[in-house]
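Asker: The structure is given below, and queries will be raised subsequently.
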């Protein structure tokens with residue numbers, strides 16, 4: 001039985017313009033009302049996650065910055081520092097197309113940026129030299145600390161609630177979600193997911209961009 005659902009946000013609950021699916025909201029609330037815990041884990045800054053939790057009405061901790069920071073009730077807990085990330089981004093932006101995102105003023109454990117694809121290999125190698133790594137969420141790039149990923153968030157929740165992996169369902173769409181898809185949890189994906197995500201999923205919905213939430217929840221007996 002699924003007791004906890006961990007959801008990515010961008011591309012999983014939203015469309016290409018980042019507009020959240022009202023169908024997703026309805027079915028998330030149905031799951032909450034049935035007693036299932038719903039958590040969000042995203043590359044977004046924590047204030048965004050707080051807003052989603054508040055206005056959708058979810059009932060579990062939410063994570064920002066790809067698992068680097070969590071809001072538990074009214075308490076914020078950080079697991080990493082952004083000092084190295086900010087320093088790296090400041091250095092690399094002087095010689096490449098990398099440019100910081102304005103949302104970094106709200107970030108505490110990582111840094112977000114834009115760049116031209118041609119600079120990916122060079123920037124990625126430079127990040128590795130500093131024990132950092134970069135990922136693409138389809139909407140922006142993130143430079144993060146080693147070990148900072150969505151699997152970290154799922155494992156935190158598993159321990160926090162003392163659940164088994166088979167009681168947890170994860171849903172995501174991009175390669176940024178792969179770390180939690182590598183865990184022995186239940187896995188589902190929307191039709192717009194990357195092939196890497198689809199091949200690891202127990203169930204791939206025919207619906208996309210948030211409209212799959214109800215379909216997935218029905219498949220796993222959540223609603």
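Heads up, the Cβ atoms here are built off N, Cα and C, so glycines get one too.
Okay, these came from TrEMBL:
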ACT_SITE  8  active site, nucleophile
BINDING   8, 10, 173, 177  Mg(2+) binding site
BINDING   150  substrate binding site
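Map these features onto the structure and tell me what's around them.
Answerer: Residue 8 (active site, nucleophile) carries neither a helix nor a strand DSSP state and counts as coil.
Residue 8 (active site, nucleophile) is surrounded by 27 other CB atoms, counting those within 10 A of its CB over all protein chains shown.
Sequence-distant neighbours of residue 150 (substrate binding site) (same chain, 6+ apart, CB under 8 A from its CB) are 6, 8, 41, 63, 66, 67, 170, 172, 176, 177, 179, 180.
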Asker: Starting from the Cβ of residue 177 (Mg(2+) binding site), draw a 10 Å sphere and report how many other Cβ atoms land inside it.
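Answerer: Residue 177 (Mg(2+) binding site) is surrounded by 33 other Cβ atoms within 10 Å.
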Asker: Got a sec? Which of these binding-site residues, 10, 173, has the most Cβ atoms within 10 Å?
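Answerer: Answer by Cβ density within 10 Å: 173.
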Asker: Where does residue 177 (Mg(2+) binding site) sit in the DSSP three-state scheme?
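Answerer: In three-state terms, residue 177 (Mg(2+) binding site) counts as helix.
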